[in-house]
Amino acid sequence: MLLMECELIALRMRSPPLGFRFMFPNKLRTTSSRSLFVSIRSNSLSCAALSVVESNPTNDSGLSNTQNSLTLVHEGSRRIPRNELSRNWTNSVSLNEKVERNVRSIRLVNLDSKESLRRYSGMLRNCTSKGCLNEGRAIHGQVIKSGIDLDSHLWVSLVNAYAKSGSPVCARRVLDVMPERDVVSWTALIQGFVAEGGGSEGVRLFCEMKRDGVRPNEFTLATGLKACAICMNLSFGKQVHAEAIKVGCFSDLFVGSVLVDLYAKCGEMELADKVFFCMPEQNDVSWNALLNGYAQVGGGKDVLRLFCRMRESEMKLSKFTLSTVLKGLCHLREFERRPSCAFCGNQNWVIAKKPLSYFNSMRYAGVPPNEFSFSSLVSVASDLGDLQYGESIHACICKYGFENDTSVNNALITMYMKNGSPQAGSRVFEAMRDHDLVSWNSLLSGCHGYEICDLGPRIFSQVLLEDFMPNMYTYISVLRSCSSLLDLGFGKQVHAHVIKNSLDGNDFVGTALVDMYAKSRCLEDADIVFNRLINRDLFTWTVIITGYAQTDQAEKAIKCLSLMQKEGIKPNEFTLASCLSGCSRIAAMETGKQLHSMAIKGGHVDIFVSSALVDMYAKCACLEDAEAIFEGLVLRDTVSWNTMICGYSQHGQGQKALETFWTMLDKGTMPDEVTFLGVLSACNHMGLVEEAKKQFNALSENFGITPTVEHYACMVDILGRAGKFDEVKCFIENRKLAPHALIWETVLGACKMHGNLEFGEKAAEKLFELKPEIDSNYILLSNIFAAKGRWDDVRKVRELMSTRGVKKEPGCSWVEINGQVHMFVSQDGSHPKIREIYLKLEELGQKLSSVGYVPKTEHVLHNINDREKREHLNHHSERLALAFALISTNHVKTIRIFKNLRICEDCHDVMKFLSNITNQEIVVRDIKRFHHFKSGTCSCQDYCNHVPRVTIQGKETSIMKSQVSFNPWYGSNHVPRVTVQGKETSIMKRQGQVPPVIQKLECLKNAAAAVVLDSFDANSFTEPRFAPSC
């Protein structure tokens, strides 16, 4: 019915001017939720107000004053709840009758054209002053129906009425059809968009006005600067500043005040200060703008200094001054006593040590607090992160009766959301009678934490359903939620809304978009958004650099760092830490050293950078350098301790890792989830099954940490490597770990090591269901079948891979020589020096044969002859990298090789031999750990590739440390113990009691020999015969 009524209105218009016909289209779109003229917020009321134009103009009514005729009209800036629409519709009927009589009265008296225009303009001014959008539309409809020719004054009145009544879009349409657009009409339109928070649109309109040849006046310049302040467009603000100087408006009080506000909001306090003190005169607005700027940047002393100066100038304080000064002073931990400072009248105020006591002093002096004072105090509680302080202010707010004030409630919502109490923030929001956009933004502001980040998209959707226009802060908050959720799909929808609302050029929104795309690993989209940003600050650069670093694109991260410095932006500790993290991932040690030098020169060697340096050197196989940096740390947090513990574990120094863990506890640093991952990894490397069980239980029992799937996988790996498959099965069943692919990947690796075909097939079946796209699962099962000689099953597994489109990741190794990375793949023939590399391998092969090396062709899991297997082993990627390093370097101390897969057992043995033959230290970092080869030994003690076994009296026994209990608390006097055949026995070199077999096993460092000391007579022992697999 309402749409039909609007159509009748449009059809009954009689010959309106051509430019006005767009306002009432002949056919309204019934499928659209928003028409050109009728707002979606008050569709029914708009139609009711417009119904006056279809009434019979012959009905007589006296001329009456329209000043109070529209007391019930809903203002455009306020949203009507749906449950009030029916009541408002009834009220609007009588309202429309009044409006109809008022606008019809002009036609009843025989007025000339000029008088009619004057009266229409006066009526529009009245409805503009009250913000009555519906009355303005009704008057506009009557103007159209009258067919009167508009003068410039009435045109401007229409633009002004729509702009200031919350409908700048309609104001823009009126401006588009104006025959002559002057500076007043442009200024009114820009003011309308600025009032609605459309800073970017205001800037765009200012530019369009300049292109239209209209010269701005002081009001236009002030409005344009306010638009720049809203969208934080400092660059364009400086251009408007220059324009103000050019046209001679710089000395204008309003222009100067807005300039101070712009520079203060953008953090350019030096410029704000210069503009302020260059102004011929200052008013309370300019003083408050400068005070607020210093308060925002935490300049409490500057706020106090400026306030005292303000009092000396005898400037009358406004209601905003006190709240601004409170906000600034709260950043100071202790205030001086300044009896000369007075906030009001002649009262002397003593600035207390805490803001709350200062606030109480104000109350005791008889100065009642207002909503601005409370808003500022709540904002301080938000900044301090003090929830209890905020709750006490909330109680005071209720006591003084401000619990229904919108601005105070908005500040409370923000405080609760940012201080980790979203439930309390939601309760405040729900108790509010009316919500504005700031209320929704406050609710969104705390929804980027990982516990409640899923609320962000839902709140944003509700904002749109409630017909609010999102602004910059709305988009930033919801994009942060998308970043936390890694919800790329919803993030792209938000990006579309940003473009639609012309905020894609906003630097802050753009930075949030870059962060969302980078964390979602869409670096191409992040790069596109980044390159479109005009003003890229340090934070924006750090976001894109971190994105590249976290996706193993360290080269691009370093390139961005170089470009950032060329633009004159110096990196901070977070930028350097991100770059170092990228170097750690690809083991770019030379680049990492350059960043280390840069950090020292720039004075950025804080705990963040130091922890990143420890991690970088540890992952680049420079454990000594990592230790040196760690020992030099004055303050060590949990992250730095974790970095060192995990570094030791990765380098095979499990005992040092455990000792570092106990030292960490001695120093009073609480461990976290990552700490125990490093500890369990150390136990795994050393084969300390019982110790690992103790630490795993302590994880939850002693430290209250909930184990993650990674912790469970560590325990499964420890038990699996020890061959305790029955315990593994019970552990998985009791902990209900069957749905986790990581658990079955660990089981499959243990089955490959021990040749457990049955359990390995079960694990592979689970993995094919959970993660059918992972190639390593097929490869491991194929290798288990190949080791058993079941080549038909190997072929079936490979056919399954092919059917599912899974391709094996090729094994590759790389080595850095003279700052350049050289990469090799197995059987590679593409390197420019491949001929010299093959010749070097032949030379090394002869030396290996001379020292008794025999290739372990059983590890070549291909159905080929022995000669082909030996050739295949000889051209593995890590050997090619080693040969290239040997022909390219001049007796370097250490050769560092990096590999994307695990090193095979045969290459492991070759590296040990060659480290002794060439007298070179060789470090290989594979996907699991570091291997330090030196003088014929490896730091992993051969634990990583196979299980040493020994035959004693015809019985084959595993030499494992699986039952050894080790605790660094006991120091060097601790006696290792081993449990054999259910009996715990000490393993000590006691004179006359230790059999020869123990001394023979001394070559296996840190291993406890699984020998029964009491089950056999010492004289019955014979020389051990090692199985070929050892």
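Any Cβ shown, glycine's included, is placed from N, Cα and C.
All TrEMBL annotations are machine predictions without curation.
What you see is a predicted model, and the numbers here were worked out from it, not measured in a lab.
If you average pLDDT over the repeat 'PPR' (182-216) in this model, you get 86. Under the heading repeat 'PPR', TrEMBL lists 182-216 (among others).
According to TrEMBL, the feature repeat 'PPR' maps to 283-317 (among others).
Annotated repeat 'PPR' per TrEMBL: 405-439 (among others), in sequence order. Here the repeat 'PPR' (405-439) has Cβ contacts under 8 Å with residues 78-79, 197, 371-372, 374-375, 378-379, 381-382, 385-387, 390, 394, 397, 445-447, 449, 452, 455, 463, 466, 468-471, 474 of the same chain, all six or more residues outside its ends.
According to TrEMBL, the feature repeat 'PPR' maps to 537-571 (among others).
What TrEMBL lists as repeat 'PPR' is 637-671 (among others). For the repeat 'PPR' (637-671), same-chain residues at least 6 beyond its ends with a Cβ under 8 Å from one of its own Cβ atoms are 607, 610-611, 614-615, 618-619, 621, 623, 626-627, 630, 677-679, 681-686, 688, 691, 703, 705, 929-932, 938-941, 943-944, 966-969, 1006.
For the domain 'DYW' (852-943), residue counts in helix, strand and coil come to 37 helix, 18 strand, 37 coil, using DSSP. Feature annotation from TrEMBL assigns domain 'DYW' to 852-943.
Sequence-remote contacts of a segment are chain residues at least 6 beyond its ends whose Cβ falls under 8 Å from one of its Cβ atoms, and for the repeat 'PPR' (537-571) they are 507, 510-511, 514-515, 517-519, 521, 523, 526-527, 530, 578-579, 581-583, 585-586, 588, 591, 598, 602, 604.
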